[in-house]
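Pulled these features from Swiss-Prot for this protein:
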CARBOHYD  Thr22  O-linked glycosylation site
CARBOHYD  Asn47  N-linked glycosylation site
CARBOHYD  Asn90  N-linked glycosylation site
SIGNAL    1-19  signal peptide
Amino acid sequence: MRMLLHLSLLALGAAYVYAIPTEIPASALVKETLALLSTHRTLLIANETLRIPVPVHKNHQLCTEEIFQGIGTLESQTVQGGTVERLFKNLSLIKKYIGGQKKKCGEERRRVNQFLDYLQEFLGVMNTEWIIES
């Protein structure tokens, strides 16, 4: 009986350990990265001759490739070391997160009604969250 109790507690402990997420949540990662960016802004703008393309419009979710190309350019021109490395590591993790989310855009054949529901939701987000230029 005692052995059964010990095994049950051991199994419960193992389940608890494996249930704890090993990765930092994306929202916390973004908050930390924003703080690091604010902290290291002066260091990052030290190279005043460097020019990085900036997307013209403000619908950032459409320009992720351009944003990450700019990050790559900035990283290659920045002296590495200390906490600035943490900034670029976080940006790399954010890029991986976005890449993983994009994979969820894969197509799955569904009924027209389900597609129209998705389209309506998409247009609703576009209407409320995107800056639509005239």
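Even glycines carry a Cβ here, placed using N, Cα and C.
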Show which residues of the chain containing Asn47 (N-linked glycosylation site), separated from it by at least 6 in sequence, have their CB under 8 Å from its CB.
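In sequence order, the residues whose Cβ lies under 8 Å from that of Asn47 (N-linked glycosylation site) (at least 6 apart) are Gln77, Thr78.
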Reduce the DSSP letter at Asn47 (N-linked glycosylation site) to three states and note it down.
coil
